[in-house]
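Colleague: This is the structure I want to talk about, given as structure tokens.
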């Protein structure tokens with residue numbers, strides 16, 4: 001079979017170009033197109049089902065800072081903190097009352113989080129441990145009144161002494177009572193000051209309080225948020241434009257917030273954190289709106305990572321330095337006065353939650369060093385306190401994540417309330433939480449065998465084609481160099497077969513003829529077959545040696 005050198009050159013070149021274009025251009029576009037059609041929130045799709053009812057729980061850890069010297073702190077001493085935790089909960093997320101808008105390509109829903117205590121994972125903790133924390137009603141209430149309604153201080157002080165008789169600045173209570181079951185609030189007094197104080201409970205301004213009967217309430221940090229409405233979202237479905245998948249369009253039926261001084265900080269940026277668009281670029285970051293902070297936060301790319309053998313991207317985030325970053329000045333009380341900005345690594349939540357609370361990373365990680373120095377018992381480090389997300393960009397899948405946040409009291413002395421008049425001014429850590437997920441192989445295999453298997457097959461195919469094309473190009477170059485018109489494959493195979501046949505059929509060499517016409521004795525040849533030395537075929541063995549006399 002004759003292979004013309006021109007055809008071999010053209011065929012090999014075409015194969016090389018095809019491998020490049022198909023492997024690095026066409027196949028990725030086909031794959032992205034297929035993913036974009038599958039990853040949407042269209043009713044009936046698999047992604048919609050997983051998104052609306054997460055089939056597995058997230059882990060939710062709570063770490064509490066127990067104040068070991070409460071009486072001393074009440075007199076102005078430096079707080080000594082003891083971290084207690086984690087108290088482990090299974091967090092189930094679901095979305096209900098879903099309403100689709102086909103024209104706008106959006107879906108509206110109400111988010112619901114359900115926390116179930118996991119006693120096995122919490123061991124040796126049981127939830128019945130007694131914790132000492134700043135009084136969750138007296139301290140925030142007294143500080144807020146002093147800052148915003150100082151004229152009412154005397155009335156509030158008297159009301160607190162009636163509703164919470166003999167109360168101190170720090171409250172000792174069981175963990176489950178503080179966080180879920182609730183501590184008792186007695187509004188049965190007929191005193192005007194007590195009734196005035198309890199008005200905020202009856203009107204629902206204290207969102208953490210649950211009314212038990214006509215005169216009593218139960219206050220807890222998270223009890224009211226458990227298995228209840230946590231906000232109405234409207235997000236893009238991604239059917240018309242896959243890049244907008246999950247993007248928050250409205251929250252609480254409003255297109256933007258009305259909380260911060262500047263409009264830009266009131267905008268919704270990113271998703272609801274439960275879904276992300278596929279095909280993101282690593283420099284785009286991962287943005288999500290967090291209702292607990294009334295703010296959108298963006299995670300930025302840190303480095304490459306892997307999860308169950310699959311490549312991913314590690315993202316992280318922090319609260320930044322609001323004072324130093326001009327874009328964040330709208331989170332200051334007065335954007336024109338930088339002295340009203342919170343310290344580095346913190347965020348003032350007063351406008352969001354209506355109390356003197358500050359958010360930060362756990363143990364003030366990446367925050368102002370003074371925050372750590374103001375209290376004893378903190379040890380900030382990246383491993384335990386940083387936020388991270390291992391994310392697969394092409395499919396938009398978060399393989400594992402840990403969202404960590406600490407809540408602190410912006411504490412100060414209050415002259416009008418006896419138990420609070422000597423408190424030191426500092427930001428006091430109360431507790432921090434971690435919400436995380438690690439996908440098991442049931443779900444990672446969906447990505448592995450639909451995405452990465454296709455990528456691997458494409459990789460093998462394109463490199464195989466490139467290898468074959470390069471071999472063909474080298475043969476073509478050889479033919480052009482030797483000015484041969486074609487590559488005779490049959491001839492090459494035939495010559496190779498002849499060499500093999502000769503090697504297998506050669507017989508041993510016969511002994512040399514002892515009779516010579518010369519007195520010169522020939523060198524004895526070995527009986528091995530060396531090309532050109534066989535006596536039967538070598539013409540030198542038939543030459544006669546002529547004797548010449550010397551002169």
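Every residue, even glycine, has its Cβ placed from backbone N, Cα and C.
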Colleague: Of 439-459, 460-480, 481-501, 502-522, which span is tagged transmembrane segment by Swiss-Prot?
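Modeller: Here Swiss-Prot associates transmembrane segment with the stretch 460-480.
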Colleague: In Swiss-Prot, one of 8-28, 29-49 is tagged transmembrane segment. Which stretch would that be?
Modeller: 8-28
Colleague: Write down the Cα-Cα distance for residue 294 (disulfide bond) and residue 66 (N-linked glycosylation site), rounded and given in Å.
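Modeller: Each residue's Cα considered, residue 66 (N-linked glycosylation site) and residue 294 (disulfide bond) end up 28 Å apart.
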Colleague: Can you check which residues sit near residue 294 (disulfide bond), meaning Cβ under 8 Å from its Cβ, same chain, 6 or more apart in sequence, and list them in order?
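Modeller: Listed in sequence order: 257, 259, 260, 349, 351, 352.
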Colleague: Tell me, in order along the sequence, which recorded positions from 213, 226, 265, 330, 440 have their CA within 10 Å of residue 341 (disulfide bond).
Modeller: 330
Colleague: Can you give me the Cα-Cα distance between residue 226 (N-linked glycosylation site) and residue 213 (N-linked glycosylation site) in Å, rounded to a whole number?
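Modeller: Given the Cα positions, residue 226 (N-linked glycosylation site) is 20 Å from residue 213 (N-linked glycosylation site).
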